[in-house]
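Straight from TrEMBL, the features:
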DOMAIN    53-433  domain 'SLC26A/SulP transporter'
TRANSMEM  57-77  transmembrane segment
TRANSMEM  89-115  transmembrane segment
TRANSMEM  127-146  transmembrane segment
TRANSMEM  195-220  transmembrane segment
TRANSMEM  232-256  transmembrane segment
TRANSMEM  300-322  transmembrane segment
TRANSMEM  334-352  transmembrane segment
TRANSMEM  372-392  transmembrane segment
TRANSMEM  399-416  transmembrane segment
TRANSMEM  428-459  transmembrane segment
Amino acid sequence: MRADDNEENLYHEQLPNVGTLIGESGRKLCRPSTIARKFPIIRWLPRYRSAYLVQDFIAGFTVGLTTIPQAIAYGVVAGLEPQYGLYSAFMGCFTYIVFGSCKDVTIATTAIMALMVNQYATISPDYAVLVCFLAGSIILVLGLLNMGVLVRFISIPVITGFTMAAATTIGSAQINNLVGLKGPSNDLLPSWKHFFTHLPSIRVWDALLGVVTLIFLLLMKQLTKIKWGNRLVWKYLSLSRNAFAVIFGTFLAYILSRDGNQPFRVTGNITAGVPPFRLPPFSTTVDGEYVSFADMISTVGASLASIPMIAILEIVAISKAFSKGKIVDASQEMIALGMCNIMGSFVLSMPVTGSFTRTAVNNASGVRTPLGGAVTGTLVLLALAFLTQTFYYIPKTTLAALIIAAMISLVELERISDMWRSKKRDLFPFVVTIVTCLFWSLEYGIVCGIIANLVYILYSSARPQVHITLEKINGHEVALVDVKQKLDYASAEYLKEKVVAYLNQQNCKVHLAVIKGQEINSIDYTVAMNIISLYGDLKALDCEMICWNWNIGSAGVVCRLKTEMRSIFKFNYELEELIASHFDTSNTASTVTIETAQGQVNAA
């Protein structure tokens, strides 16, 4: 084989064999390990021990005591009747047992999901149920396509800003319920405006019970820090704080009610019974007018993108937080969450995701497997079947205190100081996210935060670290160009401009530029074109260019584009050897040219 053929093969683009890829993918799908990965219950159920049963039961029961009052409260936050919160709290528990990969995660509606669904759930509950189905379908498809990697593009400052803004908005929306006022809106500014303009209308008994309940919840949360006595007792007392608050408030409202007079604003009637299992509504009727599927989708709008995104963020973040050294398969968690929402939509559920509070309770209660979710789900079903009359007396101010206490724990101010200490620039996407979420909307706020974060990535990509030094090697002045990161289309022009500008400053004293390529592991067509253009520009400045120790794949992009550029790529040389070889060749070529010219003159 000729040398030219060897060189051709060296720079040949290596394309994947499509047939081989399809075959491997097909075989991979049929492997038992792949099926077990998609249905994690196949892995842990055969290894289940009877000793786990008691721990899972205790954990599931404890989570259930937390879930029931929170579900009722979040149903109210969503602008729905309270029972819809309970409808959303059991199907996810059962479905996650089959598809979930993290034993601690508890699936149910959350305050953030409730707030995001509020704007159209108030039109009709059918909107919330339909979005639950559609969001679940979108999440499931993304999970099956292994799109869990997309979560990596959303940074912690953006997530922190969104969480804090959502917690502030939700807590502010409950400030009116805490003091017995009927809030006009779930938005930040209208809630506080209504509160301050209606101070004379505050109901004293509601305000007193609400403030006392809030203080009680915050103090009970600190019981785990007590060092003396039986720490296990303190832990379970702390975990049961929501249940204690609701039981006390309900009991107080019941014994103080006289002849239909009630000192507190109470939750009221909650429809008893388990919801029917049926298809989600693909059309509805609002005020006697038929609303088609297309009209419902038009009303929901951007929420069809934001709700799945936020749901994925919550469950992946929670799974990673409680993974304890295990690798979290984000795509599998998306599959589990998608199935939870799809199945939930058949029982009138609104969108659900992982709950940080209930997952923390589950973990602290010592759960061993996802089977603990079955106990939680069963407890919610029993409450729907037998306890709805009791729920009538739950004071709204108690639920408001419960929500505000949960939201306070989500406002992690220490994260701000951490960002300030570690890298102050990260405060920019954080501030953009929290401000736009608070004063515009949660959906567009997180998008703005992601865009602000991507600005950094694009800026860094467009201005790679290029260090140019002038060194004297073997008696020759050489410009060494060291590129410290990979090149792409955004940075191509920057490299060219920086090299040409530097050589212009040297007043044509430099006759060789060496571009070191150890860290340039890939380039694209735009970069290749700019490398060729740079070569021409340097020629005009009477300067040669060598690309030293580039990755073969990167060099191949340039060489396939213009074959004659192969001569500028040099491999397997020490720098001194490369410089010596280049100038020796150049001097020889110059001597031959001069002698040839003299011979032509003499002949004339």
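Every residue, even glycine, has its Cβ placed from backbone N, Cα and C.
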Before we move on, state whether the transmembrane segment (300-322) and the transmembrane segment (57-77) share at least 3 Cβ pairs under 8 Å, counting only pairs 6 or more apart in sequence.
no
Comparing 57-77, 89-115, 127-146, 428-459 for Cβ pairs under 8 Å with the transmembrane segment (334-352), the winner is 127-146
Within-chain partners of the transmembrane segment (428-459) [C-beta distance under 8 Å, separation at least 6 from its ends]:
112, 115-116, 153-155, 157-158, 160-162, 164-166, 168-169, 188-189, 302-303, 305-306, 309-310, 416, 419, 490
Near the transmembrane segment (127-146), which same-chain residues lie under 8 Å Cβ to Cβ, leaving out any that are not at least 6 residues past its ends?
78, 80, 84, 88, 117, 120-121, 280-282, 284, 296, 299-300, 303-304, 307-308, 311-312, 331-345, 348-352
Over the domain 'SLC26A/SulP transporter' (53-433), what is the model's average pLDDT?
85
